[in-house]
Amino acid sequence: MNKKFSITNLYSNFKGLFSIAFADIVTASVSALFWLYVSTLISVESYGELFYLLAIANMTSSISLIGSKHTLLVCIPKNIKLDSALFLLVFVISAISSLVLLLLTSNIELSIYILGSAVFGLGLTHLLGKKSYTDYVKYLFTQKISMVLLSLILNDLMGINGIILGISVSFFIYIPLIIKTFKINKIDFSLLRSNFQFLMYSYFIELISVSGKHIDKFVIVPLLGLTIMGNYQLGIQFIGLFQLFPLILLKYTIPIDAIKNSNKNLKIAMILFSSCLTILIIFLTPVLIPLFFQKFIYVVNIIQILSFSLVPFTISTIYVSKFYANKNSKIVSISNLIFVLSFVLFVIIFYTILDVIGMSIIYVVSSIFAVLFYFIVDLRNKILKS
């Protein structure tokens, strides 16, 4: 493959993907830095409470979305016009969920978050399904900037509930897209019935994915409290910032894997880079973290332990690229499920002696279990082909 093809043609063939990658990477970086900055504005306990509340809201929101995002991504390009019917169903369920959450928590900001999250999820996915990549970038940038500004302003007025409200209000930027869809496509529930099985499959996949992101929060707060949760979450935010590097790799390698071109050296280099990054984090964290985050007294050890998850995460990302390129998303979902189940299992086994260090170790071990599953499946596929 010559240089002209590998650069010019690859970009031409996957221009949309690179646009999405650029937007996702920039906004993910902004979010990570925003949350690190927020940690300097509020107490450790409030930081833990904030992320616990957001975990509840995000889990409730995912339940309310009933697998609509994955379904829309598949059906819209096929010109199956179920979006209006699906939008209406999601909004009805989200309204019920937000009301139930309000009755249970008396937190109206969380209820607004549920409704806003539905608008955000449906609007963003609709743009992807329509392949409106320029609008995708514009809307995502606008939403993220609005989120940062509104959250910081409202935090001064309302505390952590102001941050939640700021995020919630920023989601409603996608309302014009929702209204436009209702005007263009009539509501046809028969299309939902004919695609019900796929919708439920997508629902299952989405719940597994979201559970993997929030299971630790639902375990830590009841067992260890909000202060420990605050320290742990700051550690997760730092590791999340470093995880952007393999995620950038994922955006680049999926199209290359899809056309069966070799990028082995790049993947090896990324694993080595993550290994070096882990070593640097272990040695530099005790020096740098106390300079900026003095009140997070447990976070140094947490970050050091969680840094061991970077290499498994990088290897998992490489496998995700390979399986997605081969249109085998089921394997990715099973790996996510293995992470969740192993995390819960270890917590149940060791809950009597569990502390935040143990929780961090469980996170790393669960990540290793997930990547081992990828390795076994990939090895089996190679044996079957030989």
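Note: Cβ is positioned from N, Cα and C throughout, glycine not excepted.
Look at TrEMBL and you will find 16-38 (among others) tagged as transmembrane segment. Within the chain, the transmembrane segment (16-38) has long-range Cβ neighbours (under 8 A, six or more residues past its boundaries) at 47, 50, 128, 131, 133-134, 136-137, 140-141, 144-145, 147-148, 151, 155, 163, 234, 237-238, 240-241, 244, 247-248, 251-252, 254-255.
As annotated by TrEMBL, transmembrane segment applies to 50-73 (among others). Beyond its flanks by at least six residues, the transmembrane segment (50-73) meets 38, 42, 82-83, 86-87, 89-90, 93-94, 97-98, 101, 105, 107, 110, 113-114, 117-118, 121-122, 125-126, 128-129, 160, 163-164, 167, 195, 198-207, 210-211, 213-214, 217-218, 221, 226, 229-230, 233 of its own chain at Cβ-Cβ distances under 8 Å.
When Cβ-Cβ distances below 8 Å are used as the criterion, the transmembrane segment (85-104) is approached by residues 56-57, 60-61, 63-66, 68, 71-72, 110-112, 114-115, 117-118, 122, 178, 181-182, 187-189, 191-192, 199 of the same chain, each at least six residues removed from its ends. The transmembrane segment annotation in TrEMBL covers 85-104 (among others).
The annotation transmembrane segment is assigned in TrEMBL to 110-129 (among others).
Below 8 angstroms of C-beta separation, residues 38, 42, 46, 49-50, 53-54, 57, 87, 107, 109-110, 112-113, 115-117, 119-120, 122-124, 126-127, 139, 142-144, 146-147, 149-154 of the same chain, each at least six residues beyond the ends of the transmembrane segment (160-179), sit close to that stretch. Per TrEMBL, the feature transmembrane segment maps to 160-179 (among others).
Here TrEMBL flags 191-212 (among others) as transmembrane segment.
For 232-250 (among others), the entry in TrEMBL reads transmembrane segment. Panel annotation: around the transmembrane segment (232-250), residues 21, 24-25, 28-29, 32-33, 35-36, 39, 47-48, 51, 216-217, 220, 266-267, 270, 273-274, 277, 281, 293, 296, 298-299, 302-303, 306-307, 309-310, 313-314, 317-318, 320-321, 356, 359-360 of the same chain, lying at least six beyond its termini, place a Cβ under 8 Å from a Cβ of the stretch.
Residues or ranges marked as transmembrane segment by TrEMBL: 271-293 (among others).
Taken from TrEMBL, the feature transmembrane segment applies to 299-320 (among others). Among residues of the same chain six or more beyond the transmembrane segment (299-320), those with a C-beta under 8 A of the stretch's C-beta atoms are 231-232, 234-236, 238-239, 242-243, 245-247, 249-250, 253, 267, 270-271, 274-275, 277-278, 281-282, 285-286, 289-290, 293, 332, 335, 356-357, 360-361, 363-364, 367-368, 370-371, 374-375, 378.
Counting residues 6+ beyond its ends, the transmembrane segment (332-354) has Cβ neighbours under 8 Å at 204-205, 208-209, 211-212, 215-216, 219, 223-224, 316, 319-320, 323-324, 362-363, 365-367, 369-371, 373-374 in the same chain. The transmembrane segment annotation in TrEMBL covers 332-354 (among others).
The transmembrane segment annotation in TrEMBL covers 360-377 (among others).
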Residue numbers, six or more beyond the limits of the transmembrane segment (191-212), whose CB comes under 8 Å of its CB atoms: 58-59, 62-63, 65-71, 74-75, 80-82, 85-86, 89, 329, 333, 336-337, 339-340
Spatial neighbours of the transmembrane segment (271-293) far in sequence, C-beta under 8 Å, 6+ residues away: 39-40, 234, 242, 245-246, 299-300, 303-304, 307-308, 310-311, 313-315, 318
